[in-house]
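Chemist: Pasting the feature list from TrEMBL:
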type     : residues : note
TRANSMEM : 26-43    : transmembrane segment
TRANSMEM : 55-78    : transmembrane segment
TRANSMEM : 98-119   : transmembrane segment
TRANSMEM : 131-156  : transmembrane segment
DOMAIN   : 375-506  : domain 'Fungal lipase-type'
Amino acid sequence: MPGMVVFGRRWGIASDDLVFPGCFELFFRLLWWIGTMILFTYHKGNFDCNGKGVLHSYLVGLLVVLALIISSLCATVYVSAQGTITNPGPRRSIPALVYLRALLYIPELVWACLGAVWVSDDSKGCDPATVGAVIAAVVASWIILLFTAVGVVFVFDPLGNPRPRPTSMEPLGVRDLQSSEGTQFFSTARSLAVKVWESRLRLLCCCLPQDESRRAAFSSISQLLSGFFSDTDLVPSDIAAGLALLHQEQDKMEMSRDPEVTVEHSPSSPIGEDLETELEKAAHCMQFAAAAYGWPLYIYSNLFTGPCKLSGDCCRSRAAEYDIVGGDHLGCHFSSILHSTGLQYRDFIYVSFHNQIYEIPFFVALDHKREAVLVAVRGTLSLKDVLTDLSAECENLPIEGVTGACYAHKGICQAAGFIYKKLMNDGILNQAFSIAPEYKLVITGHSLGAGTASLLAILLHNSYPTLQCYSFSPPGGLLSKALADYSKDFVVSVVLGKDLVPRLSIPNMEDLKRRILKIVSNCNKPKYRILLQGCWYELFGGDPDDFPTEMDNRREEELSQPLLGEESLIIRHSSSYQSLASDDSPAHTAAHLPLFLPGRILHITEDGPSRRSCFSQVRYRADWSNEMAFRSILISPRMLADHMPDAVLRALKSLTSDHPFPLCPSSLSNSQHNTI
């Protein structure tokens, strides 16, 4: 549903978004009106104190104003609950009700001032309960006015000038797409959108120095975000409703799907390669990938013992014992790494906590247990890392010996280049191998660190042909197909469950947007019911709802034609937009270059029902998968929880341990039997 147009501009809220805030305010106003009526009735309108005339007028006026506000809220809630997301016709009177409600703020403000004047000047000699009630009413009025102002700020859309509508004889979107006036309008709107997103990023990162690299990053990220949102006219609640519907639809499809055949060996690995051995190596490397996050993850994973263990090590001066670069003045990061990995001070060759855009922390250490020189790269832990993540356009990455198009995620590519120069130009790897020449090179990381580790492995592979890389929960939009195939010989990616990040790429986001538009335009339920039932399903489970759709009774041949509802949500047809009846993979249809996960992919999933009691045991299975299995985003409450490094580490340990974890999961994973 396009944003509601009132006061001469379009807002970031639709006409069917007033049900929940209206009900909340209505409940509050009813209690307020009842309390005021009880107070007035108890005194029978006669007050024995100074200023009793003003008090009588104030209470009578307050009852009238509250009654008018309650009436307007009832009408607003009722009308806002009518129709569907793509059928706003029954809600055409909402703008008039909004104007009426805005007018009622004027007498409420006047009465709040009158009550404040009475309390300060004429309340002497009055019953303390009466004075307290008036003070409460005045404070409540000012709180509501304040929250209203805050709400207006939140729903304000800087791009909210009403968009031109097509003539009735032309299909929606065609006139704007073809006419020079429409082209000029969208060009101007796109430029304005880029500036707005750039301003938002600057505000979000106001604490960071504004140098040339950051300005360039802001500009490229703004171009990406403005382009993604430019061809649809959805408000945030429409997206929330679409995600709720899509989650239930995906769960229905998963319940009806036949059990998958387990792939016992990686298709690109030797037949005799043992999956259990690969899992043991991955579980070992994941300890280093998690340790790279420093003290925040260590404290999070050890809430009771972590602070005590670190307290004796932090602030202790050991500058002469090891070389640390930037960002760990108290020594807490390095102390947590020592506790997490079990290594000694002398085992570390280089430790860097230096953090800028495209420059992320890492450390190099000697892993004597596995006889490896290990490079661990930290994942996202700061705003600078987020900007590196969001620099998602493609950048060429030519590699000697690789045929085909070679390109990768720009931000991660530059981060890998930064570490590569440090390792090679500063002689860090030469120093490590001079100490242990028989050791092999192993690179690891989680999330952003996983993507950086994979690209770093590709850059180093010609110099170190025997290197191995273990990439945990890497970003989905990382490598071109040629580079992804090239990395299969030395990179293993580990993905847990329905983790969002390995499925996150621009083509996948375009696919998600297309599916949201389709399911929202097809559903004939009001938005408030979709959101209520969606929240119930997320919290308490149950069977996915079979929402009736406008397509239920349509003829088969009509299904290939776009719906009127879907067209009403499209401002203009972008190059990535197709008919929403098509379910083609975004890998084949998106205008953006497709990017893939690196290397061979080890997918860890839970056996058994997706919902369980807190104290039930979880059984995991690990199967080899392929990059095409991650070409669609799965909606789930676990899509973020499965990405957490401690969850990945716990799952890997459960698969390689003889004893299940006895602890209750915090929605992540837990105690378990080994299933491979």
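Count begins at 1; order follows the chain as displayed.
Cβ atoms here come from the backbone N, Cα and C positions, even for glycine.
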Chemist: At a Cβ cut-off of 8 Å, and with pairs 6 or more apart in sequence only, do we get at least 3 pairs between the transmembrane segment (26-43) and the transmembrane segment (131-156), yes or no?
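Modeler: Touching, yes - the transmembrane segment (26-43) and the transmembrane segment (131-156) meet the threshold of 3 or more Cβ pairs under 8 Å.
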Chemist: For the domain 'Fungal lipase-type' (375-506), what does DSSP give as the number of helix, strand and coil residues?
Modeler: 58 helix, 28 strand, 46 coil
Chemist: For the transmembrane segment (98-119), could you work out the same-chain residues 6 or more beyond its ends whose Cβ comes under 8 Å from its Cβ atoms?
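Modeler: Apart from its flanks, the transmembrane segment (98-119) reaches 4, 6, 51, 54-55, 57-58, 61-62, 65, 68-69, 72-73, 76, 131, 134-135, 137-138, 141-142, 144-145, 148.
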Chemist: Mind checking which residues of the chain, 6+ beyond the ends of the transmembrane segment (55-78), have their Cβ under 8 Å from one of its Cβ atoms?
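Modeler: Here the qualifying positions are 18-19, 22-23, 25-26, 29-30, 32-33, 36-37, 39-40, 45, 47, 49, 94, 97-98, 100-101, 104, 107-108, 111, 114-115, 118, 122, 126, 130, 134, 137.
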Chemist: If you average per-residue pLDDT over the domain 'Fungal lipase-type' (375-506), what number do you get?
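Modeler: Computed over the domain 'Fungal lipase-type' (375-506), the mean pLDDT is 93 on the 0 to 100 scale.
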